[in-house]
Amino acid sequence: MSNIQEALKTLLVQKNLTDDMAQKVMNDIMDGKVSDPEIAAYLMGLAAKKEAVSEIVGSARAMIDHAKTIPSEFEAMDIVGTGGDLSGTFNISTTASFIVAGAGVPVVKHGNRAASSKSGTADALEALGVTIDLTPEQATDVLANAGQTFLFARSFHPAMKYVGSIRKSLGFRTIFNILGPLTNPTRPRTMLVGVYTKELLVPLANVLSELGVQEAILVHGQDGLDEVTLTTKTDLAILSNGHIREATFDPQDYGFDYVSIESLQGGTPIENAKITEHILAGKITGPMADTAILNAALALFIAKKAQSIDAAIQLARETLINGTALGQLGALRSSSRAVTA
């Protein structure tokens, strides 16, 4: 009996797969050894049962093993979200990543084009003039030169070609929506992860711990955003050296007023790129800038660049005021172009 057949029989009776079995099945999928109908049945079986931690861990390990690797001498972090919140906001985590890198924390952002929104990370960066399709060597050079780089998921996970059309035809979230933020080829040990549903916060914190992540904050806005939100409170799962605790973040505790979700709305990649650049340049203040600051602050805090959330918020603000966040965009733009010239 093949791995996929054994897995399907297990899923048929609503039992969880071990991480070893999930890894074997994903290895077979990534090697092109599983038929489209079997892949579809497998994804449906996992989704119907709800993916277990063991299944996510095993699948993530297989995906990372099949990814192009990028060796790095830097201790870089990732700021990433699952997407799928259908909110239509501007590219919050992408904007925050420039603030974080500008504050001196190297960032390796791993992302893709939009799936359920108008503008994914790759779309926005491309509209900002950043060259997104880099080889591992080029991405490493950009990180060394700019303190920040971008790994285009489509390029670094070539084996995903075996599931792309199936995912589109199914039309619902699958385990791959969850795996995206977990499969950065650099295996960062520090992360800020946005999650589209509260029920995944603690399970994904456990997954990250199993994958070797040491410090992470997983966030889900109570308004549904897979970001730290400014419209209401944000639910958190905080991972620190294998220990996980839940918390709630309220921006009102830090002097911010709640805003409407409409005030955070973005648009096309070009429109979102303009929003990001204007926030970094200080031309946009208010709800959008404050939301980017809050997300950057939690990233700076978990990266131990600031000793408290208050100090992290102040550092994020200073990075905008003194121009280093905007300079970070310029550095990423010029460095990514230079290595591909």
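Just so you know, glycine gets a Cβ as well, placed from its N, Cα and C.
Counting every protein chain shown, the number of other Cβ atoms lying within 10 Å of the Cβ of Thr89 (5-phospho-alpha-D-ribose 1-diphosphate binding site) is 23. Summarising the annotation, Swiss-Prot assigns 5-phospho-alpha-D-ribose 1-diphosphate binding site to Gly81, 84-85, Thr89, 91-94, 109-117, Thr121.
Taken from Swiss-Prot, the feature anthranilate 1 binding site applies to Gly81, Asn112. Its own atom aside, the Cβ of Gly81 (5-phospho-alpha-D-ribose 1-diphosphate binding site) has 26 Cβ atoms within 10 angstroms in the protein chains shown. DSSP gives Gly81 (5-phospho-alpha-D-ribose 1-diphosphate binding site) a strand state.
On its own chain, Ser93 (5-phospho-alpha-D-ribose 1-diphosphate binding site) has Ile79, Val80, Gly81, Lys109, Thr121, Leu192, Gly194, Glu227, Asn295 as residues at least 6 apart in sequence with a Cβ closer than 8 Å to its own Cβ. In the three-state DSSP scheme, Ser93 (5-phospho-alpha-D-ribose 1-diphosphate binding site) is classed as helix. Marked as Mg(2+) 1 binding site by Swiss-Prot on the basis of sequence analysis: Ser93, Glu227.
For Arg167, the entry in Swiss-Prot reads anthranilate 2 binding site. All protein chains considered, the CB of Arg167 (anthranilate 2 binding site) has 19 other CB atoms within 10 Å.
Summarising the annotation, Swiss-Prot assigns Mg(2+) 2 binding site to Asp226, Glu227 and lists sequence analysis as the type of evidence. Glu227 (Mg(2+) 1 binding site) falls within neither a helix nor a strand when secondary structure is assigned with DSSP, and so counts as coil.
A gap of 16 Å separates the Cα atoms of Asn112 (anthranilate 1 binding site) and Thr89 (5-phospho-alpha-D-ribose 1-diphosphate binding site). Of the recorded residues, Thr89 (5-phospho-alpha-D-ribose 1-diphosphate binding site) and Arg167 (anthranilate 2 binding site) place their C-alpha atoms 24 Å from one another. Annotation for His110 (5-phospho-alpha-D-ribose 1-diphosphate binding site): spatial neighbours Asp78, Val80, Phe150, Leu151, Ala153, Phe156, Gly180, Pro181, Thr183, Asn184, Pro185, Thr186, criterion Cβ-Cβ under 8 Å with sequence separation of six or more. According to DSSP, His110 (5-phospho-alpha-D-ribose 1-diphosphate binding site) sits within a strand segment.
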